[in-house]
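Marked as transmembrane segment by TrEMBL: 70-91, 148-170, 182-201, 222-246, 266-294, 315-334, 346-366, 378-397, 403-424, 433-452, 464-484. Here TrEMBL flags 433-483 as domain 'Cationic amino acid transporter C-terminal'. Summarising the annotation, TrEMBL assigns region 'Disordered' to 496-525. The compositional bias 'Basic and acidic residues' feature in TrEMBL is assigned to 505-525.
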Amino acid sequence: MVRHGRGHRGGIFVLTGLQAREVAGPAVILSYVVSGVSALLSVFCYTEFAVEIPVAGGSFAYLRVELGDFMAFIAAGNILLEYVIGGAAVARSWTSYFATLCGHEPDDFRIYAPYLQEGYDHLDPVAIGIIVVVCIFAVTSTKGSSRLNYIASIVHAGVILFIIVVGLIKADTKNYSNFAPFGVRGVFKASAVLFFAYIGFDVVSTMAEETKDPARDIPIDLVGSMVITTTIYCVLAITLCLMQPYYNIDIDAPFSEAFKDVGWGWARYIVAFGALKGMTSVLLVGAVGQARYLTHIARTHMMPPWFAVVNSKTGTPVNATVVMLAATAVIAFFTKLDILSNLLSISTLFIFMLVAVALLVRRYYVSGVTTAGDRNKLVIFLALILASSIATSAYWGLSKKGWIGYCITVPIWILATVGLRVFVPQARQPKMWGVPLVPWLPSASIAINIFLLGSIDKDSFLRFAAWTAFLLLYYFLFGLHASYDTAMMYEGKTLENGEGSKTGAELKGEPDVVSKDGSNDPRSS
């Protein structure tokens, strides 16, 4: 069975304190529930793709098959951004827990640079140091990385159990007297950011082709681990908020400092050590996962093929690993955790939404099978689902007390989903494992992911827009032409060699992408 993709195990240590103290209060547990439900809906969508299209590349490969090269490239850029920002956030938090272990404040290990803009003015050399160590492990030995991850997972599980059991001994129900000090908006705002704790399960889908029985193993691993992860996160959040008033929770190292606050200073060192082991494991898994993604994208020539080179001695994609971790180190050095977490949430929610859209396209459209009329109805209903979801999210973000808008946008979403269910026949049924309740489940995934975006601040959207503009510029100047030229080159080789049944990827010895009708897709080259 696959044993990856347990969520971003370091996420619970990274953001819970900040969101509980400044955004949601003890109701942060509800934020984890909302995030968990949304992530679970996305997991179902990912699972069908992982089982039905068991290839490397994860959501990049799935979106490329269903929505084409352009959307796949935009998603790929955001997946890479997600890995980089997630790694940077964990590295910054690693410094905080390391400071706790050493008996210091986090800023004792950071350099204050008053000439830089606020949010980028606390330089973190320790974060760079841990990323360098992770990079060395990731590029030198796959087996060594797996062994370290296995040991860290055991330690991490033990520390979580310690926090829950020992922490609840010091529980005080009076700390829950003001359960939701920031109201419903605080709950949803924290939910959008706490998605950080759930990213990482997409790594499972990148390893689907290595799984012996994907129809059994991947659904059990993905759905089961998401339910278990959500339960653990909620119990940890309850424990933290019962140990001390929410307004006293430490933002940087909440769990270790909570034990100090209740008079058990010795326990803070155990928690800090366990958190460091867990976050180190997260960084290592992320380093391997992002290198796999970048390598797969480079094989399509949407990115320079130099990134796809695998070192003959180590068997690892050294170029991709080093470049991605260098970018992670630069961002971790300058950028504060709250800025990183908001940008990460936008990127992640955007990708989850696209995968749900792709699943609906996969079920309802097959070239040569779907009639023009059904295709047009599919486009109309999808557009209405997206438009009503965006309108609901925008209304939530802009209207602080209004409710009339929901009486318009929500019925439109319901009617659009009903229309898709009633008036458009499904063009494909899954062969091994499929998402239940189609189109309702993927449509709900689209709606909740877009809705949560409405709780994120304007500046984060501006940063996301700048990144998207860069991706568009790169794609139209370089990626589009490189992908087209490569496809033509391999098509020419195929005709020249008389190997009409082979794709360009097969000629290169690369994994293929499966086309919409189940055959090999030449675009995978």
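Even glycines carry a Cβ here, placed using N, Cα and C.
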Quiz prompt | Mean of the pLDDT scores, which run from 0 to 100, over the domain 'Cationic amino acid transporter C-terminal' (433-483) | solution = 89
Quiz prompt | Positions on the same chain near the transmembrane segment (148-170), where near means CB under 8 A and six or more residues out | solution = 9, 137, 232, 235-236, 239-240, 242-243, 255, 258-259, 262-264, 267, 270-271, 273-275, 277-278, 280-281, 284-285
Quiz item: Counting Cβ pairs under 8 Å to the transmembrane segment (315-334), which of 70-91, 182-201, 222-246, 403-424 comes out on top?
Solution: 70-91
Quiz item: Counting Cβ pairs under 8 Å that sit 6 or more residues apart, are there three or more between the transmembrane segment (70-91) and the transmembrane segment (346-366)?
Solution: yes
Practice problem: Give residue numbers and ranges for long-range contacts of the transmembrane segment (346-366): same chain, 6 or more residues beyond its ends, CB-CB under 8 A. | Solution: 38-39, 41-42, 45-46, 48-49, 59, 62-63, 65-67, 71, 75, 78-79, 81-82, 85, 192, 195-196, 199, 374-375, 378, 382, 386, 420, 424-428, 435, 438-439, 442-443, 445-446, 449-450, 452-453, 456, 460-461, 464, 516-517
Practice problem: Run through the domain 'Cationic amino acid transporter C-terminal' (433-483) and tell me, per DSSP, how many residues are helix, strand and coil. | Solution: 40 helix, 0 strand, 11 coil
